[in-house]
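*Asks:* Structure below; questions to follow.
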């Protein structure tokens, strides 16, 4: 028959070759040079045919209306164990998971009136969501407090030790001492530097050199131990974790990334990495730690352990708890989860995220790790308002933040790409040791780089007052210090201030360079604190400059209305805070959540306008060089299947231009409704690596019946051989509702309709890709089939869309031109004589080279002879 000829000649546009050509995650985006960075053996199966898992039935035709059915799967006498689960490095089916949850909810509601036990189970199910986020908040707050305390102690261990109590850090050691002075309150007899212990000298060149050597020794020891633990026990514990969290929340499966070993090793190595003095922070990894807690606790409740979509609601709440304990900002944590990481965020998840953040912040406040009754180390309050003319320097800080963000993203991604493509990336331990050694050698001579980054930010944020002994507050004034006030009036800067400015300039250059090479090494490394440090240094320098300008030129028209002689007009610490927000916004491209986080850090509504102005300016400047933030850039670099909802699709391509297969590719491997045997299906599975197979009525008809997942087919056949008698290799496999009549001597047929997705999501070949991409984003699809008049032409997967978007970004034409690209692709419903064309199943689709009047030769049918 004509359709049989078409089937063998490959004119059906139904090949899975392009879907499964990438048998590993390293080939996911090989067309654009993107490489994954996993080292484990499971990576070889990433998106091996990124096709659909059988699920809830939704169908879209003509790019328009959606027809839905409520049946998730046809009922079996006995459910097949394993059917409906997911392999590692595959994407979940959001629609099916939501349907499974609705079926579970209906079943519980229908039984709750049968007995008291069923009513108890119903109440337990209803409250399990609140229980799991409560446990997550408790664990996140406790671990954050433990990490803060341990990191502070080990950071001070590089400089000395407390003889009276070894577990005290420097500040705690001197709290109980009565022998120190106010000016030198960080010096006390109980605290001994390593030079005093080893050579007995507290001052002099010998003491300096000995402290220098011990500092480098501890830094290298901590860094080596951290990278060794990560490499041996938990490779997933490295990095920030936020790019992977975003990908997991979008529906991707990465087994072990949120497991108990990852949690344990990340908690320990995060303390070591921060204590080593590397240019990194602990705030980003705390989100990963909190999500690990949420994932582990979700397995205690069947409602979440058996449903991947519901589990991601818990992870969204956990990420909010992580930011809550990282910055002491519960509201900012909820907004961060909503704006930055979550893919699906219903209203009930908003409430539970709020509650998880509240519990986590309460636990951290109860622990009080910093001894200041605050949730963060650098909590400050300002008592001077900002003035209108200050918007100009605030906006300039926003410009600096955007430029810094654009530079950092490009430089860091270029270095990470080079690390992947050279031998240097094969020696992660050596890389960490080299970076740690360079950092320690350069950082020690400068007091602003030697100190812990959080301590540095605290000092830069702090407003100068009579109780401050920092070099940044060394102003020449004759103020009566017996009268305690909140701040001091503007005064000429002393020599120590100018010396501190030069040291801050060197620290700024050091932080910019080292952060580029540090973010991405194989230890836990956050980006929030280093980015805030860069902005805080720049902001403090600008603030001091504006302050001195206002003091010496208070008669200028921009100053004379607000700045009187002897008045406190400019607050340099406020500039540091605004600069920190601007630089963090330039790197991450966060807006609303970032402003709220920084606002919660300072505790004042009065400074929201400067923060908003700087953050928006930073985002606009950064977007001028590229719309991707650092986390999206790393997602793309690693080749994760993530469709960013923030990107706009403005091109005019159609579904037919993106679908696979193309003209030169092999025809699709399909299953027929009732004409194949068990051996035929097993041979097809063994000979191909496709993740699923469309089921058609017959090779003659080619009409779509449904979609069967490879994993479900394998599990169902194995289960049938074990549990059903008479199932042999020659048994007919039937996906239809009614088994066809078979000869009496035929073996027992195998019914597999229960694993078949009877209505996979479909679009027509003329559907604009703008709509297709929007459908994938909003419904979380893994794949959709492309049809024409019910005949399957091809398939579009998330991988195909990612490749297409990359090609459009880089202005790369597809390797093979579409097999139809002009307006007139199919024969019209009526012939030249005005009569309806005869209804046949297939047409030969030849490209049309030029527009001309329609004729019978323009689009012709196959040979009129039938087989």
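Using the three backbone atoms N, Cα and C, a Cβ is placed for every residue, glycine included.
Pulled these from TrEMBL:
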DOMAIN    659-723  domain 'CBS'
DOMAIN    756-815  domain 'CBS'
REGION    816-867  region 'Disordered'
TRANSMEM  127-147  transmembrane segment
TRANSMEM  212-237  transmembrane segment
TRANSMEM  258-278  transmembrane segment
TRANSMEM  314-338  transmembrane segment
TRANSMEM  387-409  transmembrane segment
TRANSMEM  429-448  transmembrane segment
TRANSMEM  500-521  transmembrane segment
TRANSMEM  533-554  transmembrane segment
TRANSMEM  574-599  transmembrane segment
*Asks:* Would the transmembrane segment (429-448) count as touching the transmembrane segment (127-147), if touching means at least three Cβ pairs under 8 Å and pairs must be 6 or more apart in sequence?
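*Replies:* Stretch pair does not touch.
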*Asks:* For the transmembrane segment (127-147) and the transmembrane segment (387-409), does the number of C-beta pairs under 8 Å, pairs 6 or more apart in sequence, reach 3 or more?
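*Replies:* By the criterion, they do not touch.
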*Asks:* Report, as numbers and ranges, every residue of the chain located at least six residues beyond the transmembrane segment (212-237) whose Cβ falls under 8 Å of a Cβ in that stretch; write 'none' if there are none.
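*Replies:* Contacts of the transmembrane segment (212-237) (Cβ under 8 Å, skipping residues fewer than 6 from its ends): 38-40, 154, 157-159, 194-195, 198, 244, 254, 256-257, 259, 261-262, 264-266, 268-269, 272-273, 275-278, 428-429, 432-433, 435-437, 439-441, 444, 450, 521-524.
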*Asks:* Which listed stretch (258-278, 387-409, 500-521, 574-599) has the most C-beta pairs under 8 A with the transmembrane segment (314-338)?
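*Replies:* So the stretch in question is 574-599.
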*Asks:* Please work out which recorded stretch in 387-409, 500-521, 574-599 has the most C-beta pairs separated by under 8 angstroms from the transmembrane segment (258-278)?
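*Replies:* Selected stretch: 500-521, with the most Cβ pairs under 8 Å.
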*Asks:* Write out how many residues of the domain 'CBS' (659-723) are helix, how many strand and how many coil, based on DSSP.
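*Replies:* Per-class counts: 24 helix, 17 strand, 24 coil.
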*Asks:* Can you tell me which parts of the same chain pack against the transmembrane segment (500-521), counting only residues 6+ beyond its ends and a CB-CB cutoff under 8 A?
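*Replies:* Same-chain contacts beyond the ends: 227, 238-240, 278-280, 404, 407-408, 411-412, 415-416, 419, 428, 431-432, 435, 438-439, 442-443, 446-449, 456, 470-472, 474, 527, 530-531, 533-534, 537-538, 540-541, 544, 630, 634.
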*Asks:* Give me the DSSP three-state residue breakdown of the domain 'CBS' (756-815), ordered helix, strand, coil.
*Replies:* 23 helix, 19 strand, 18 coil
